[in-house]
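Feature annotations, reproduced from Swiss-Prot:
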BINDING   G12, L13, S14, G15, G16, V17, D18, S19, M38, G138  ATP binding site
ACT_SITE  C113  active site, nucleophile
DISULFID  C113-C210  disulfide bond
SITE      H139  site 'Interaction with tRNA'
ACT_SITE  C210  active site, cysteine persulfide intermediate
SITE      Q352  site 'Interaction with tRNA'
Amino acid sequence: MEVKVKKRVVVGLSGGVDSSVSALLLKQEGYEVIGLFMSNWDTIANFENNHEFNKTHQGCESELDYQDAQAVAQKIGIPLYRVEFIKEYWDNVFEYFLSEYQKNRTPNPDILCNQFIKFDSFLNYAKNELQADYIAMGHYARVKHDRNSSFLLKAIDTNKDQTYFLCNLNQNQLQNVLFPIGHLTKLQVRAIAKKHGLITANKKDSTGICFIGERNFKTFLQNYIPNQPGQIINIVNNQIIGHHIGTMYYTIGQRKGLNLGGMNERMFVCDKDIDKKIIYVAPSSFEKQYLISTQALIENINFIEPYNPQIPIMVRFRHRQDLIIVNDFLPIKNTKNVLINYESARAITPGQYAVFYQNDHCIGGGIVSKTNIGHQKVDFLVYKS
């Protein structure tokens, strides 16, 4: 990246190695770099009362990250500020997350976190309060700017590529963003951090829900959604074979944690009836019938750039999943929805995101509404009118 005039970049410094190296590289390239640490979750204000995290760590995980961010900022020689977007996160990300689980869908809060927090609230704060020309994040992605448009490209490190989580960004957001490590592999990023003595060089990658972190998922949800016990039924013979404490804790394709003993075959979750509080399971030998789909209705698609009908479209339903060929991409008139036919995919669930690619470009994504998995077949012709 050439820097003809000194531009101010505000980096989302999280206390992790990726954002640390992003800030370092920008400083080396001649930018005026400012670090900004976000706090977006408050365990007390957000009524998270029964998790071991509160009992043993007393909310210090975020503080430890902040201390690492401070150490990195001092080492690099940049100022570091701190900002809270707790209300914005609750209103735009977490309430949606809860509502989707109450509907027994499988949401992806990381996508909304990027859309509304990292690349909206953070961007606006950096622009308005810190007079930033750009913001930068430690995402494994690339952005290409031309005179009229910006394009989101896959990272060089395909195993770490995070464009899936950026599918809801718009042109205004991308035009103001830099991704300094998108051309590097994770090993290279750690090597750079180690070479320059950054405290985060060997720090493990963060996991769990965006800005909330690692939690026992059932225990965490119980803070906000009451248990709704019900039956587990074998869909093949309609026999009751177990019981559960809530359908929202299980996802399509799940095999672990079903607590079903004495079965001749391993069972997997294939459907859920919210009204009757039933989880349907099937034996592994029925996977093709009850888990494989070839067609889906995708709703509320965000296009980062217009798709080119002459270039093949690929889809990814999960982060790090292999790209799947889309045989038919059929926009539905007067909607932001599209019907897609694709090479077979396993355990695609309503609420997940379908993210579309053409060559190295991530062109956008939308939410899976329905699929044609076995017993869930839908007459999609109705959507073409």
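Here, residue 1 is simply the first one shown, and the rest follow in order.
Just so you know, glycine gets a Cβ as well, placed from its N, Cα and C.
Take the recorded positions G12, S14, D18, M38, Q352: by the count of other Cβ atoms within 10 Å of each Cβ, the lowest one is Q352. Taking the C-alpha atom of D18 (ATP binding site) as reference, the shortest distance to any of the recorded positions C113, H139, Q352 belongs to H139. The Cβ of H139 (site 'Interaction with tRNA') has D18, A155, Q162, F165, L166, F179, I181, G182 as same-chain neighbours under 8 Å, each 6 or more residues away in sequence. Here the C-alpha separation of M38 (ATP binding site) and the residue listed as 'active site, nucleophile' works out to 12 Å. Of all Cα pairs drawn from G12, L13, S14, G15, G16, V17, D18, S19, M38, G138, which the record names as binding ATP, the longest spans 16 Å. A sphere of 10 angstroms centred on the C-beta of G16 (ATP binding site) encloses 21 other C-beta atoms. The residue listed as 'active site, nucleophile' carries a helical DSSP state (H, G or I).
When secondary structure is read from DSSP and collapsed to three states, D18 (ATP binding site) falls in the helix class. In this structure, the CA atom of C113 (active site, nucleophile) is 14 Å away from the CA atom of S14 (ATP binding site). For G16 (ATP binding site) paired with Q352 (site 'Interaction with tRNA'), the C-alpha to C-alpha distance reads 27 Å. In the three-state DSSP scheme, H139 (site 'Interaction with tRNA') is classed as coil. In this structure, the CA atom of S14 (ATP binding site) is 26 Å away from the CA atom of Q352 (site 'Interaction with tRNA').
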